[in-house]
Amino acid sequence: MIIKPRVRGFICVTAHPTGCEANVKKQIDYVTTEGPIANGPKRVLVIGASTGYGLAARITAAFGCGADTLGVFFERPGEEGKPGTSGWYNSAAFHKFAAQKGLYAKSINGDAFSDEIKQLTIDAIKQDLGQVDQVIYSLASPRRTHPKTGEVFNSALKPIGNAVNLRGLDTDKEVIKESVLQPATQSEIDSTVAVMGGEDWQMWIDALLDAGVLAEGAQTTAFTYLGEKITHDIYWNGSIGAAKKDLDQKVLAIRESLAAHGGGDARVSVLKAVVTQASSAIPMMPLYLSLLFKVMKEKGTHEGCIEQVYSLYKDSLCGDSPHMDQEGRLRADYKELDPEVQNQVQQLWDQVTNDNIYQLTDFVGYKSEFLNLFGFGIDGVDYDADVNPDVKIPNLIQG
């Protein structure tokens, strides 16, 4: 079939297998060009391995550190007449390139929040790797079914305490949109913490430790975003922020148990704002990102997922002098938080109107990166060619 982008709101409901493969190849080429990372992990579990930062971590571990990788994700395959998800095609491409390099790659498709998928993962580690020495936690999901109670939690993107006047960019109509976001109820805050907080990360590490599949000295990190004051009302001070603060609490207990396990470590890693399927769903982020891209590109400091994660590995996860803040988080977002960058974004924020969107922002760059996520708009791909949407992932365990 011939696959074209079909965008509905903040999601593209189609994905292009050849484009997704080219996108993965581009990230692998970046890591290969930057060179090997010393003292890297050799057996890595990536929870949330198919898109965005999780995919970038899997690529960096494999092609930067020479690691065998086991990936967990929840994606949909293509079938006749219907494309699969971009994460499915990304993972198929990753497996293909890892095999060419002689690297072990196995993936598990299912709900990472469930006990069943945790057990399948443990079984795969025991059978193939023995143990893992690094666990990357990079789940982005709007809902979670609690494995012990069966209760279904849905996350909410809302402020806490007071309603917030929100400036945003309607990416469909390409106009500036002013709206009022009502504050979250306590129940919505609790649900968001249940979905996006640290409980599941802790459950994973506890399960892996109990099963004896974490190597002594193993490290784990969960990815997060903090941002600056422009995004704080909806982000750090909002319901998502409550979940992020829960990560900061849960990491302390995880760190303690890993430290006792042969001197291991657990850290929250703070990464910059990038275009992902998760970030495009957050009100105000498309406008913020369009402005941030413009300012950072002009300064020559613009980075995407792979640049961020490669430097996180090289400098902090595997380096001797990690970028760490007072709370003990690893920081890779310092170029975004450069006061000069934030001041310029803040000034432009108030000046943007429908008439000057294309002059004051890099909305063109935002749209391009958004389509790239789904394998569209990639140089060298023939989008008029007939492609088979049914792409198999070798070494896939279906949960």
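Keep in mind that glycine also has a Cβ here, set from the backbone N, Cα and C atoms.
On a predicted model such as this, the values are computed, not experimentally measured, just so you know.
A simple way to gauge crowding: the CB of Tyr235 (active site, proton donor) has 24 other CB atoms within 10 angstroms, across all the protein chains here. Residues or ranges marked as active site, proton donor in Swiss-Prot: Tyr235.
Sequence annotations record features per position, and here Swiss-Prot assigns NAD(+) binding site to 48-53, 74-75, 111-112, 139-140, Lys244, 274-276. Sequence-distant neighbours of Leu139 (NAD(+) binding site) (same chain, 6+ apart, CB under 8 A from its CB) are Ile47, Gly48, Gly54, Ala112, Phe113, Asp200.
According to Swiss-Prot, the feature substrate binding site maps to Tyr225. Annotation note: Tyr225 (substrate binding site) sits in a coil segment as assigned by DSSP.
The site 'Plays an important role in discriminating NADH against NADPH' annotation in Swiss-Prot covers Glu75. Sequence-distant contacts of Glu75 (site 'Plays an important role in discriminating NADH against NADPH'), defined as residues of its own chain at least six apart whose C-beta falls under 8 angstroms from its C-beta, comprise Ser50, Gly84, Thr85, Gly87, Trp88, Ser91, Asn109.
Annotation note: Asp111 (NAD(+) binding site) sits in a coil segment as assigned by DSSP.
Working note on the binding-site residues Gly48, Phe74, Tyr225, Lys244: by count of other C-beta atoms within 10 Å of each C-beta, Gly48 ranks first. Geometry remark: Tyr225 (substrate binding site) versus Lys244 (NAD(+) binding site), CA distance 8 Å. For Tyr235 (active site, proton donor), the nearest neighbour among the binding-site residues Gly52, Phe74, Asp111, Lys244, Val275, judged by Cα separation, is Lys244. Within 10 Å of the C-beta of Gly52 (NAD(+) binding site) we count 25 further C-beta atoms, all protein chains included.
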